[in-house]
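Below is one structure, written out as structure tokens, with a few remarks after it.
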Amino acid sequence: MALRGVRVLELAGLAPGPFCGMILADFGAEVVLVDRLGSVNHPSHLARGKRSLALDLKRSPGAAVLRRMCARADVLLEPFRCGVMEKLQLGPETLRQDNPKLIYARLSGFGQSGIFSKVAGHDINYVALSGVLSKIGRSGENPYPPLNLLADFGGGGLMCTLGILLALFERTRSGLGQVIDANMVEGTAYLSTFLWKTQAMGLWAQPRGQNLLDGGAPFYTTYKTADGEFMAVGAIEPQFYTLLLKGLGLESEELPSQMSIEDWPEMKKKFADVFARKTKAEWCQIFDGTDACVTPVLTLEEALHHQHNRERGSFITDEEQHACPRPAPQLSRTPAVPSAKRDPSVGEHTVEVLKDYGFSQEEIHQLHSDRIIESNKLKANL
């Protein structure tokens, strides 16, 4: 796999950090999840392909263990607020002194500087501060968060993964690691570059929910069907819009011009009335295989079984028959081979990991006696 041999230490956190670590593991990296003592499980359920080490970082011997491991690692991924790692004497200056090749990835909400750098937040707060949340929502309604995907996973976990890969690539030239300041506010803002760049064109000149690409246009929104389901319409280009009208049984002559913004509300009512006359399945029979840019709004379960997704193998199942998306993108020579095993229990690989990182049997036994580590396999390995 593409990242075979890359050693990653991921400090336990929520959502974006685990997602970043999972991507790296899916593509072949050796990811060790450094869990807190006493943890019961992994709340983000994104520990696929990782090994778990339970370690008390709040005590100096535990911090010393991590420091020693970082001397042999390629990447450290930490998800804490600004300053936390420095308090533990595990800041980048300290760890990179031992290992100049170490890539120190810092994934936070607000970044390592600025007035918000040490305050708490969640996805909705990061999307709000990026400016993007102001653009999401229906006309006349409050802005609403797009699940917790945009900041946590797009602007956070995925952008941090990109930073790590860039740093790994650059290291092949310089032989040196570097510090990555990945944060969800700036990551989300970067994802919205198109929005910023097209403001001068007037693409977002109307109030929220009344523009071309935010549900304001009658040909770029969703419609309810006769059976209470929904269809998604994205017929922007004139040739696609013509096919949309054909499928709906409408003539362009009986409607205002496609780009007549002032007529969009009435056109939406007209389209809604037509869509409400047939079921989702009936509309699929009409539009599937056409260039009208009309698709069904699928539930997760429906997406799993949709013919297109099944033909491509877009979803996989683990040994417990739980389904999830296959890693993307697909690489032709070195594709991802995600683990089909269950997520590790906390501390399941503590002894194994420490041995791999050069700790002796006696050292491991002492760490356990001092309650610096936990392992549910300790007795079997000592």
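Just so it is clear, glycine is given a Cβ too, placed from its N, Cα and C backbone atoms.
Features of the protein shown, as given by Swiss-Prot:
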type	residues	note
ACT_SITE	His122	active site, proton acceptor
ACT_SITE	Asp152	active site, proton donor
BINDING	Arg36, Leu55, Asp56, Leu57, Lys58, Gly121, His122, Asp123, Ile124, Asn125, Tyr126	substrate binding site
MOD_RES	Lys58	N6-acetyllysine
MOD_RES	Lys87	N6-acetyllysine
MOD_RES	Lys87	N6-succinyllysine
MOD_RES	Lys101	N6-acetyllysine
MOD_RES	Lys101	N6-succinyllysine
MOD_RES	Lys118	N6-acetyllysine
MOD_RES	Lys268	N6-succinyllysine
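Location within the structure of each feature annotated in Swiss-Prot.
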residue: Arg36; record: substrate binding site; contacts (Cβ under 8 Å, 6+ apart): Ala12, Ala54, Leu55, Asp56, Leu57
residue: Lys58; record: substrate binding site; contacts (Cβ under 8 Å, 6+ apart): Leu88
residue: Lys87; record: N6-acetyllysine; contacts (Cβ under 8 Å, 6+ apart): none
residue: Lys101; record: N6-acetyllysine; contacts (Cβ under 8 Å, 6+ apart): Asp74, Arg171, Gly175, Leu176, Gly177
residue: Lys118; record: N6-acetyllysine; contacts (Cβ under 8 Å, 6+ apart): Arg81, Cys82, Gly83
residue: His122; record: active site, proton acceptor; contacts (Cβ under 8 Å, 6+ apart): Gly109, Asn148
residue: Ile124; record: substrate binding site; contacts (Cβ under 8 Å, 6+ apart): Leu133, Pro145, Asn148, Ala151
residue: Tyr126; record: substrate binding site; contacts (Cβ under 8 Å, 6+ apart): Gly109, Phe110, Ala151, Asp152, Gly155, Gly156, Asn183, Met184, Val185, Thr188
residue: Lys268; record: N6-succinyllysine; contacts (Cβ under 8 Å, 6+ apart): Pro218, Thr221
Looking only at Asp56, Asp152, the recorded positions on record, which one has the least crowded Cβ, with the fewest other Cβ atoms within 10 Å?
Asp56
